[in-house]
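Database features, via TrEMBL:
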type     : residues : note
COMPBIAS : 146-159  : compositional bias 'Low complexity'
COMPBIAS : 162-178  : compositional bias 'Basic and acidic residues'
COMPBIAS : 179-189  : compositional bias 'Acidic residues'
COMPBIAS : 190-200  : compositional bias 'Gly residues'
DOMAIN   : 206-258  : domain 'PHD-type'
REGION   : 138-201  : region 'Disordered'
Amino acid sequence: MDAQYNPRTVEEVFRDYKGRRNGLARALTTDVEEFFRQCDPEKENLCLYGFPNEHWEVNLPAEEVPPELPEPALGINFARDGMQEKDWLSMVAVHSDAWLLSVAFYFGARFGFDKSDRKRLFGMINELPTIFDVVSGKSKTKAPTNNNHSNSKSKSNNKMQKTSEPRAKQPKPQLKEEDHEDEAPDAGEDGGGAAGGGGGGEEHGDTLCGACGDNYGQDEFWIGCDMCEKWFHGKCVKITPAKAEHIKQYKCPSCMGANGGSSGSNKRARPSS
C-alpha cells in the first residue's frame, strides 16, 4: 500500500483519485485477462488496489488494524467462476467505485476539508465516468480491442469448468417455522424465503440465485446466506453438500467483503433436508 502518500488539497486529492481510478479501470478493461488470472478462487481473500501512479494490484488485505487507508472489497476472487464474467467484472467495478470515494473523502476528513471543499471535490470527481460506467459501456470510453478476446477465452474456461462439475441433487431448502406462520402465500420475492417450504418445485420458481440469477432447480443443492438472506446455487459459491455439513454460519462473498469476514469461520450452511 501507498499509505505514506497524503494529498492535502482538493486538487491533490482529486489527482490521487484520478490516478487510482485509471489504474482500476485498466485492470477491468485493458488488463482484464491478467486480472482474471490473478483472481484465483482457490487463494485467500483478495482485494483489487489502485494506486496514484495509475498502476493496479491484486493482493491480500492490509494486516494492520485499523488500516492506514480504507480497504477495498474483500474476497473478490471467490465469485469469479460462479458468475458470468461480465456480471463479475461489474460487481468488482461497483465496489471499486465505492472504495475510491471512501479514500478521497478519508483524505478530506483527515485534512479538514470544509463544506465547500467537499462539494468542489465531489463535483470534480462527478465529471469523470465511474469505473462501472466504463466496464458496462455506459460511458463513451471504449474498452480496448483485446478485451473481447480475453472475455471469450475466460468464458470458454468457465464453461469447461462447469461441465466437469457433478451436480449435487438435494431437496429444496426449508423455511424456518416463523416464516411459515408470518409470510403470505405469494411472498416469494425474498431470496431466503422463496426457496424454502414443502411442496413441489413449482412453488419456488421465483427464487433466483444471488450469484448467477437463475431460477431455483428442485434437483440442485442451494445454500442461504445468514447475513443478506439470499440463496445461492452451491456450485456458484463453491460450496458442496459435503462442505455444508461442517459449516455453522454461512456468509456469501458479497457479505464477507462488506464485513471483512474470513472464508473459513463465518459460514452457517442451511443444508437441505
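Note: Cβ is positioned from N, Cα and C throughout, glycine not excepted.
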Confidence over the domain 'PHD-type' (206-258), expressed as mean pLDDT on the 0 to 100 scale, is 79
Secondary structure content, the domain 'PHD-type' (206-258) (per DSSP, counts of residues)
10 helix, 10 strand, 33 coil
